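Novice: Take this structure first; my questions come after.
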Amino acid sequence: MADGEEPEKKRRRIEELLAEKMAVDGGCGDTGDWEGRWNHVKKFLERSGPFTHPDFEPSTESLQFLLDTCKVLVIGAGGLGCELLKNLALSGFRQIHVIDMDTIDVSNLNRQFLFRPKDVGRPKAEVAAEFLNDRVPNCNVVPHFNKIQDFNDTFYRQFHIIVCGLDSIIARRWINGMLISLLNYEDGVLDPSSIVPLIDGGTEGFKGNARVILPGMTACIECTLELYPPQVNFPMCTIASMPRLPEHCIEYVRMLQWPKEQPFGDGVPLDGDDPEHIQWIFQKSVERASQYNIRGVTYRLTQGVVKRIIPAVASTNAVIAAVCATEVFKIATSAYIPLNNYLVFNDVDGLYTYTFEAERKENCPACSQLPQNIQFSPSAKLQEVLDYLTNSASLQMKSPAITATLEGKNRTLYLQSVTSIEERTRPNLSKTLKELGLVDGQELAVADVTTPQTVLFKLHFT
C-alpha cells in the first residue's frame, strides 16, 4: 500500500483485504466467524500452561460458552467503559448489555473512542452498542439508557458476570447492595449458584484500581468503604465571603445563586448535562471571579465542578480496563485463578502495581447479614443518630430514612426524600431517643440511596 494513499483509500483497501481473507479461509455463513478468528483465545482455552487453574481441563467447550452463552453486563460507557466493551467484544463475549444514563459531550471524544462528533448529544450506551454491533461480527450489545436503579433483581440475576466502569461511589455501593440481595442461604450456608461476580475498575488521572468481588465470599464495596476518598466540599463561609479559587466562585453560583434566581423557572433543578444550565453557571461564575480578581474560571472547569468530573487519562483507562476484562475472562472460563482480590496501579512517577487481599469486615453493614450495633445515650437526640449515619467513615450515608417498630406498629422517625413526610418528621430530630419511645436493644431500619437494601441497626444505650 503506497504511503501517499489517502486515508479513505487505505480504509477501503483494508476492507477489501479482509473480505479476500474471509473468502480464502472460508467464512462460516451467517455466524460472522472465519477460520482462525478465535486462535488468540484458543491458545488460552485449548491447552494447559504454567499459569492455568489446577482444576482446568483444556477443551473447546469454554470458547463455545463465551461465544454462545455467557452474558455480561457492563455498567458505564465512558472512558473506562469504552475500553471494557471493546476488550470484551474482541475476547469472544457476544452477549453484552451496557447501562449508562449519560449523553455524549464533545469533551468525551478525545478518549471515548466509540463516539464521533456526529454522536454528540446522543446516549452513550446506544452509540457504543451500535458501533460494536457494526464493527465486531456477530456481537450482540444491548444498550440501556437508564439509571442502574431502574432495574430490579430479576434483571441483574440473568447475568453471569457484572463489570463496572463507574465514576460514582453511590452507584458502586448500590450495585454492590443489589448483588448481595441476590444471595440465597440455606441453613446459613451460602448457595454458590446465587453469586454474581462483580469486577470493579476505577481511574483518577494516572492512578487506577481493579478488584474482584464475589458477594458473600470476599470483601465487598462496603467492607472497604474507607478506601474511597471523601468528596471535596468547600466551607460555606469561604464560598460566600472569602473566595480564593475559581472553584469557590463556581460553587457559590451553584449553591446560592441558582436556588435564589431560578433562571430556568421555579423548581427547575440544575442539570449538569444541559449546556444552557452550564453556560449560565459559567457566566455568573466569571462575573463573581472578576469581583475578587480570581482567574481560571473556564467552561470545562465549571462543568467539572458541577458534575464532579474525575480527571481522566486514556492510558490509565486502557490499563485498568485490560485488567478488568482479563478478570472477566478468567472467571467466565475458570481457566485461570482470578485476582485475589485488589490491584492498584500508579504511573505518576514510573510504573507501579501492587495486589493485596482486601479482607471482609465481620460487621459489614452490607454483607455480614448481621444488625449493626450502635451506642447512644437515652438522652441523645435523633439528630445525633442521623449525623452518625452520614458522617461515619464506614457508613457514609447520604439521606438516611429511619424507621422503628414501636408498640407493634412500624413508625417513620425521619424521612428526608419526601417533602411532606420530612416536614412532618422534622420535629423528631430535636427529640431524645427516650422521648421517641426507643428502648435498649431496639432495632432501627435505615434506608438510603447508597443501597437497595434496608440496613438494620441495634441500638444499645450507654
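These residue numbers are counts, starting from 1, taken along the chain as shown.
Cβ atoms here come from the backbone N, Cα and C positions, even for glycine.
Owing to the predicted nature of the structure, the values given are computational and were not obtained by experimental measurement.
Quick paste from Swiss-Prot:
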type	residues	note
ACT_SITE	Cys237	active site, glycyl thioester intermediate
REGION	242-248	region 'Interaction with NAE1'
REGION	292-295	region 'Interaction with NAE1'
REGION	352-357	region 'Interaction with NEDD8'
REGION	368-462	region 'Interaction with UBE2M core domain'
Novice: Which whole-number mean pLDDT does the model give the region 'Interaction with UBE2M core domain' (368-462)?
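Specialist: PLDDT averaged over the stretch: 90.
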Novice: Non-local Cβ contacts of Cys237 (active site, glycyl thioester intermediate) (under 8 Å, 6 or more apart, same chain)?
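Specialist: Long-range Cβ contacts: none.
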Novice: Tell me the coarse DSSP state (helix, strand, coil) of Cys237 (active site, glycyl thioester intermediate).
Specialist: helix
